[in-house]
Each structure stands twice: as structure tokens, then as C-alpha cells.
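A.B. asks: Below are the features I grabbed from TrEMBL:
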type	residues	note
COMPBIAS	60-73	compositional bias 'Acidic residues'
REGION	60-79	region 'Disordered'
DOMAIN	244-484	domain 'Protein kinase'
BINDING	K272	ATP binding site
Amino acid sequence: MAPTIFAKLTPNDGPTKFAFHEVVSRLKNQSNGNVFLTRFADVDTDKVYDADAARAFDEKDADDSDSMTEPDTDTEKGWKQNRRTWCGSFVFDVAHFTHHRVWTGGKGRRQWRDCPTTQDETAQLPEFLLACFEKDKYHIRGKHVRFQLDQNGYLRISKASNSARLFIAVDGKTMGLAPCSLNQVTTNVQLGRLSFRLEYTDYSRTLSFQEQRNKFVQHTHGTDPRALLLTPTPAAETKTIGKWTFAVPLGKGATGKVFSATDDDGNVAAIKVVEKNAGTRDQLHGQIRMLHKLTDEAKAVGDRHILLLEQVIPDLSSMRSISRPFEECYLVLIPAVPQTLDRVITGQSTHNLTIFHDALLALKFFHDRNLLHHDVKPPNIGVIGHEVIFLDAETAVELPDSGQVKCTPGHSGTVGYLSPERELEPYGKGVDVWGLGISIFELLFGYHPLRFQLNPWRSGRESLRPDFHRKEAAINRVDRKETK
């Protein structure tokens, strides 16, 4: 097998193996057939005996004669020798990227029933010749199936035409006209009456392939290269919850671990995995209520500055679901964010100033609804292009009529982004402004202005406060210079 093959389409049962053998035999007898096979198939060097293919061989013999005799012991060796077949797979190779954005499978056109004899005719064949033209028993059309790399870098399968006679199923599910993203390491694909196994190879998980794949997808679909980091080639072991297949870990939020995930339609989401037990149940339900509230508000006004709650698995909307024992709850959030503010290149560029402006609009979304985000910091500020999305919104706090909440030192927030009043006295929206100000300072100047290993506002750490005030005064001097 060529070292740059990133996926294989392998016959999965006897009839399909025999159909593959027939195609290989036909092409090997043609002058240009071996060239075609070398490009789009990986065929064993010699014929081998395969029991499944042999049974299909016998069915062919039965069709060709009125009777069929089972071999006795003396003739079994010769019987197996006569039923050896060509085995192998159709292949997807990085070398195809230069000339092929789509791989087509079918049995070709009528004029090629005896196989092409010229290089031009060979070039017009489907990349994957699934069956010989005259073989109608497999229910394969001239052009039956298309494969291509989708915007996420996965292979996508679709019908090659709208014909009602064209049948494709993916993992037992009959396909309609919509394409299907192949986001599992192995997928069963039914084409007509032929059964295949599509599998990503070990090479597809190498850095070399990922770089070439990302370059190809960026050129073909215009996908941001950073977004492709959310959807690497499926790992050998993947976890699926509902319709979502986990891709890569994105980090750990305030309430759980976060992973990117995709579905068959090619949608990409962030899934937060939250532990559920007797001690966290009420907190979890409060967070879900907050996410529903924010999602409804954002959809109503068309705001794009928060992650929208797409689904909760399992569904906790009924008392019956709540009482059912389970250890984890999965919050499906969209869109998945490819990077956070702490990963953005620092400096006073136009791009970063645009991010600054959009971050203010994101904070305004919360404050206009009398909500505190309550943990504004670079890892909680997602960035997609020039747009900002606040993360960990489920821990937002509703302000009372007074506009202030009681301080709870040491119970929430992140050291380095806590304003003094948050630890000392009742506070309001200013604590979010403080956290955003520190975050934007880091973005523009490349360092944290008030880095402390310990929180100077906790009881017993009063000796650290003079250093804080000296740094605060230095920032104020910088601010006055910038505004002159």
C-alpha cells in the first residue's frame, strides 16, 4: 500500500469481493488498466483464496450451468486453486489532491463494457470502478456515489444523481439527497447490493497528512485553518453521544471538560461534559436554565456573542429524566470556538482592536439583561475571525434590583482577574469590566499588568496590597499617555 493513502474502501462481503475481482481481472487484461489500478486501488500481488468470494464464485458457476458438484477431498485443493480471486481496496491518496476534488464510484458507460483501450478513455472512468458495466445484478449505476473532503476535512459521501433507483446506505441508514459526513474511523457503506467498509488509515492521523489535508480544504472550501484543528482525522477509538461524535479535547471550563464534536451533517459543536450527582444536581439544573435563557435571548435579537445551547443529553426537561440515574450530562453548544483570546497574537493591530470592540459588545449583551458573566478572562473569550464569543456563560449571575450582589471571597472567579471590590464588598457590573480590561491589556501589550500568585484581597494578605497599588498607578500613567 502506498504510504500516502489516507483512507480505503474495502469490500465487506462475498459478492462485493467477487465484483472487485471481476473489475481487477478486466482491467489487468487491458493495456491501460494497470495504470488505472495503480492510481485508485491497492490490489494484492497475487490472487488468494477467500471463502466469502469463493461462495460468490460458486453462485456464478451455478448461474452458468444447470448443476454444480461439491468438491470431494481429492479435488478440494484444485477447487480452491480455481477459485482464487484478486483482493484489495479502492484507495484515497494524497497524490489525488492535485487533480481530484471529487472521487466518483460507479460502473462507467456502455461504450466501455469491454474496458477502455486508450489513456483518454481510462481518464473518464469513475475513480472507483465498482462493477463491470454488464453486471446489472449489483444495482450499480454508471455514476453511483461521490466522495470528497468536506469543510471539516472529513470524507463526505453523497449520491451521484437524483435517480430513484440509486441506493446508498451508511451504517444501515438509507441516504436521501443530503450528503453524509464520515466522521468515524470505520463506516459501513452499502452501494446498491455491494457492501464496503470505509476506513481511515494510520497515515491519516500523521502531522504530514493533517498539514496537506488542511491546505487542500482551505483552498477548496475557504475553511479557517484554525477551525480544522477542531476536526482532526477520527481517532482509532471515538466516543459517540446521541448523534455527536467526539473529536478533540478543547480544555476544562468552570463546570466540566469540553470537547469538539461533529455529526453526520458536518455540523461542529462544543460538548461540555458535566458530572452529575446528588451534590451537583441543583447546580446543574440552574446552569441549564441559564443557558436556555441566554440562548432564547440571543436568538430573539440575533446576537452572536454567546454559545447557543443546542441539546442536553440526556434530556432533563421532565421529572422522569431527572430521576433516572446517570453519571454525566452532556451540554451541546454551538458554534465550536477554534481559539480563545489567550491564543491570539498580541499587539495593537487593527485585528486586535476590532476584537476589543466586539468584546465590549459581548459584555453589553450580558449587562443589558442585568446579568454578570462573573468570570471574564482570556480563556473564556472565544475568537472566531474578528468576532468574540463569551464562554462559560452558564455560571452567569442575575443581579438583584439593587444592582449589587454580596461578595463571597474565595468562592468564584479567577485570581488575576478579580477586581478588589469583588473580594471586599457588594459589587455589580464593574467586576466584569475589570476582568475584560485586564484581558484586553494582555491582548494589546502582551503581558498581565497585575500578575499575583496570591490574591491580595483575601484576609491575611494585606501586605501584598501596596504592590498592587503601585502597579495600578503605573497603568494609570500609561493610560494617560495613550489618551493624550
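Using N, Cα and C of the backbone, Cβ positions are placed for all residues, glycine too.
So that I understand the layout, could you describe where these features sit and how close they are to other parts?
C.D. replies: For K272 (ATP binding site), the Cβ neighbour count at a 10 Å cut-off comes to 25, with all displayed protein chains included. Secondary structure from DSSP puts K272 (ATP binding site) in a beta strand.
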A.B. asks: What mean pLDDT does the predicted model reach across the domain 'Protein kinase' (244-484)?
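C.D. replies: Summing pLDDT over the domain 'Protein kinase' (244-484) and dividing by its length gives 86.
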